[in-house]
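Feature list (source: Swiss-Prot):
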ACT_SITE  Lys10  active site
BINDING   Pro94, Val95, Ala96, Ala97, Gly98, Leu99, Ala100, Gly101, Gly102, Ser103, Ser104  ATP binding site
ACT_SITE  Asp136  active site
Amino acid sequence: MRILEKAPAKINLSLDVTSKRPDGYHEVEMIMTTIDLADRIELTELPENVIRVASHNRFVPDDQRNLAYQAAKLLKERFQVKKGVSIMITKVIPVAAGLAGGSSDAAATLRGLNRLWDLKLSVEELAELGAEIGSDVSFCVYGGTALATGRGEKIRHISAPPHCWVVLAKPTIGVSTAEVYRRLNLQQVRHPDVQAMIDAIEEKSFQKVCGQLGNVLESVTLSLHPEVAMIKNQMKRFGADAVLMSGSGPTVFGLVQYESKVQRIYNGLRGFCDQVYAVRMIGEQNALD
């Protein structure tokens, strides 16, 4: 038997860090939404009791470092599943980009194995399991648009943002999320108004959403990696309505209301950045199929 699952990327429309917890994690408030840039996960049942992960992308690990592997291992151990599975990951989301590609692959694996192994778990139960794998996995199990709090595992669904285009550009650098958080000084950064973003989304006001974009991690990453700031400036110059870094970076996204502007922005960025994408905002939970 074979199961196919879609694993869409997410962007942060608003990302605030409110405090550091005793366990080393940070308390966050994030508005996350899914976009139409997705990996494909193919799950095939194996007769032997093993987990095999494969991908055509050489940057995708095929062992326990892979979050999809961890998702399968968690389900096997928690529910005493004696069957094996082959997990084929077709990567479309760039790796280590701040777009939750690995987390979304893990979430898709949880959803798919729930069907393949007939575990009959609810989406809420899958999301709770996802939180054991990584902070973004809970959101990715659901998809759509949500306010994430705690360390990112507490999910409250909100309306989808107004429809628009999203242009993304990822420079060829790596960003250490741990270093970004370590350098973050919560007293010296401008904190986004997360509630104002929720209100803008509920009003379906594209202009207000653009006005409330904010990421408390952005100033840290920009200070470490000037290339990210350069991409932000170029994206604005080419005509994006609003521009922000996603997650801890290095990917920058621009919101674009009118399709007529998208190609110019895309072409302009392709002149100096290899990984550029122009996709639609999804933002709805039922859009994963």
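Each residue, glycine too, has its Cβ placed from N, Cα and C.
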### Query
Taking the center of the Cβ atoms of Pro94, Val95, Ala96, Ala97, Gly98, Leu99, Ala100, Gly101, Gly102, Ser103, Ser104 at the recorded ATP site, which other residues in this chain have a Cβ no more than 8 Å from that point?
Ala9, Ile93
### Query
How many Å lie between the Cα of Ser104 (ATP binding site) and the Cα of Lys10 (active site)?
8
#### Entry: For Gly102 (ATP binding site): intrachain residues, at least 6 apart, with Cβ closer than 8 Å
Asn66, Leu67, Ala68, Val95, Gly134
### Query
Lys10 (active site): which of the binding-site residues Pro94, Ala96, Gly98, Ala100 have a C-alpha within 10 angstroms of it?
Gly98, Ala100
#### Entry: Rounded distance in angstrom between the Cα atoms of Gly98 (ATP binding site) and Asp136 (active site)
11
### Message
Which one is it: of the binding-site residues Pro94, Gly98, which Cβ has the fewest other Cβ atoms within 10 Å in this structure?
### Response
Pro94
### Rounded Cα-Cα span from Asp136 (active site) to Ala100 (ATP binding site), Å
7
### Query
Under a three-state reduction of DSSP output, how is Gly102 (ATP binding site) classified: helix, strand, or coil?
helix
### Query
Can you name the residues of this chain that are 6 or more positions from Ala96 (ATP binding site) yet have a C-beta less than 8 Å from its C-beta?
Phe59, Gly174, Val175
### Message
For the C-alpha pair, I'd like the distance in angstrom between Pro94 (ATP binding site) and Asp136 (active site), rounded off.
### Response
16
